[in-house]
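Student: Let me give you the structure first, and then I'll get to my questions.
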Amino acid sequence: MIIKPIIQGVVARSAHPLGCQQSVLNQIEYVKNAPQVADGPKKVLVLGASSGFGLASRISVAFGGSQADTIGVSFERGPSDKGVGTAGWYNNVFFREEAEKQGLIAKNFVGDAFSQDMRDHVVAYIQNEFGGSVDLVVYSLATGVRPNPETGELWRSSIKTVGEPVSGPTINIELDTLESMDVETASEDELEATVKVMGGEDWESWITMLSNAGVMAKGCKTVAYSYVGPEVTYPIYHHGTLGRAKAHLHGTADLLNDRLKALDGEAYVSVCKALVTKASVFIPAFSPYILSLFKVMKENGTHEGCIEQMQRLFADRLYGNTAHVPVDDARLIRVDDWELDPETQQAVKALMAKMTAENFHQIGDYEGYKLDFLQLNGFGYNNVNYNARVNMDKMLLLQP
Ligand code: NAI
């Protein structure tokens with residue numbers, strides 16, 4: 001069949017397998033040629049491994065100097081009579097293929113990372129087939145729902161403000177328009193549920209469970225990802241429900257860091273740059289900032305995508321020759337440093353002030369934003385022939 005992009009609002013309803021393969025290959029190529037990760041991890045578990053920062057982390061530790069064996073957990077759908085499957089499914093397949101070509105283990109678990117069943121499978125695999133322990137756990141899940149482990153009831157996150165409502169322009173990728181939207185104030189219940197879904201509780205429970213099972217190696221590290229951003233975005237992010245959840249995540253890093261001392265281990269949160277991912281396009285009123293940021297950072301030559309961010313994180317911050325992992329006053333790793341550079345932010349603010357529904361294509365980097373979105377789903381690569389038929393019978397045989 002011929003596969004075309006189908007976009008509804010900010011959700012992609014189709015994915016191109018060969019474009020996803022190209023995306024994985026490009027990221028591998030990038031990390032092979034970038035400054036390498038020295039003294040890196042060798043046995044890595046990535047929770048949320050199929051896209052965005054998690055996939056980039058996995059590619060970085062496997063191909064960026066450390067040659068790590070990896071286990072990836074993700075929630076994805078393969079091809080069936082209902083559709084071609086999700087981009088993350090193909091990312092898993094093609095990552096594994098490339099890793100195996102290099103003689104690396106790349107085990108994929110596709111299913112619900114919140115379930116006990118998944119935890120049991122992962123632990124059994126580490127114990128029986130992965131050498132008995134992991135020396136790095138990357139926590140990169142992004143989701144809108146998490147079941148309460150005790151009752152099974154679902155907590156649902158809300159991307160809302162805390163305090164005052166705000167309104168602001170937001171991109172509609174389907175229609176290529178900039179529309180005004182109101183972001184409501186969260187209720188106490190919504191705020192609490194968002195912290196449950198996107199805060200640190202599940203990260204803590206994974207690390208506790210792995211430690212109790214004796215599969216965290218001596219000297220192990222764990223890292224989760226966060227966003228802070230500049231003041232212009234505070235009402236919708238840092239001071240909103242997501243920011244509250246991230247504050248909880250930051251606190252969890254300190255708690256886990258204390259607990260892991262018994263193993264000479266360490267826990268960190270890395271604050272990353274704003275990027276287009278399957279998760280971030282849902283953040284209302286955030287896109288004008290990203291459009292302006294991309295424009296300025298590309299002009300300055302400081303723009304990075306997920307893979308550049310993760311390679312810099314592992315090569316320059318978490319591993320390498322430094323005696324200590326460099327952190328800020330709040331013990332956070334800051335790979336958002338180039339984003340928050342004062343001159344960059346001044347230029348971004350000036351662009352945002354000028355941006356309207358008529359001129360956002362010229363003022364901001366809408367072309368880059370849309371291309372990133374298409375490429376997340378395997379579209380928009382020059383060297384993929386999108387007019388050629390994809391043999392779905394062959395795709396159906398691929399296993400993650
Ligand atoms: P993403 O949507 O690209 O990836 C999320 C991953 O979680 C996927 O692998 C997905 O399969 C997996 N997942 C979701 N629910 C699952 C479940 N129930 N069981 C198993 N796997 C599940 O997201 P992205 O943007 O890479 O986010 C990862 C982290 O990075 C999040 O904590 C996010 O807040 C953070 N971050 C994102 C930024 C951005 O601009 N995108 C900026 C800074 C931090």
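Placed from the backbone N, Cα and C atoms, the Cβ positions cover glycine too.
Quick paste from TrEMBL:
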ACT_SITE  Y237  active site, proton donor
BINDING   48-53, 75-76, 112-113, 141-142, K246, 275-277  NAD(+) binding site
BINDING   Y227  substrate binding site
DOMAIN    2-80  domain 'Trans-2-enoyl-CoA reductase-like NAD(P)H binding'
DOMAIN    84-319  domain 'Trans-2-enoyl-CoA reductase catalytic'
DOMAIN    327-390  domain 'Enoyl reductase FAD binding'
SITE      E76  site 'Plays an important role in discriminating NADH against NADPH'
Student: Nearest by CA distance to V276 (NAD(+) binding site): which of the recorded positions is it, out of E76, Y227, Y237?
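Tutor: So, spelling it out, the nearest of the recorded positions is Y227.
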Student: Take the C-alpha atoms of E76 (site 'Plays an important role in discriminating NADH against NADPH') and G48 (NAD(+) binding site) and report the distance between them in angstrom, rounded.
Tutor: 10
Student: Which ones in the same chain are close to S50 (NAD(+) binding site), with CB under 8 Å and 6+ residues apart in sequence?
Tutor: G72, S74, F75, E76, T86, A87, G88, W89, N91, N92
Student: Which entry in the list of recorded positions, E76, D112, has its Cβ near the fewest other Cβ atoms, using 10 Å as the limit?
Tutor: D112
Student: How many whole Å apart are the CA atoms of D112 (NAD(+) binding site) and the residue listed as 'substrate binding site'?
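Tutor: So the Cα of the residue listed as 'substrate binding site' lies 24 Å away from that of D112 (NAD(+) binding site).
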Student: Whole-number Å distance between the CA of Y237 (active site, proton donor) and the CA of Y227 (substrate binding site)?
Tutor: 8
Student: If I take the alpha carbons of K246 (NAD(+) binding site) and Y227 (substrate binding site), what is the distance between them in whole Å?
Tutor: 7
Student: Would you say which of the recorded positions F75, Y227, Y237 has the most Cβ atoms within 10 Å of its own Cβ?
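Tutor: Answer returned by the neighbour count: Y237.
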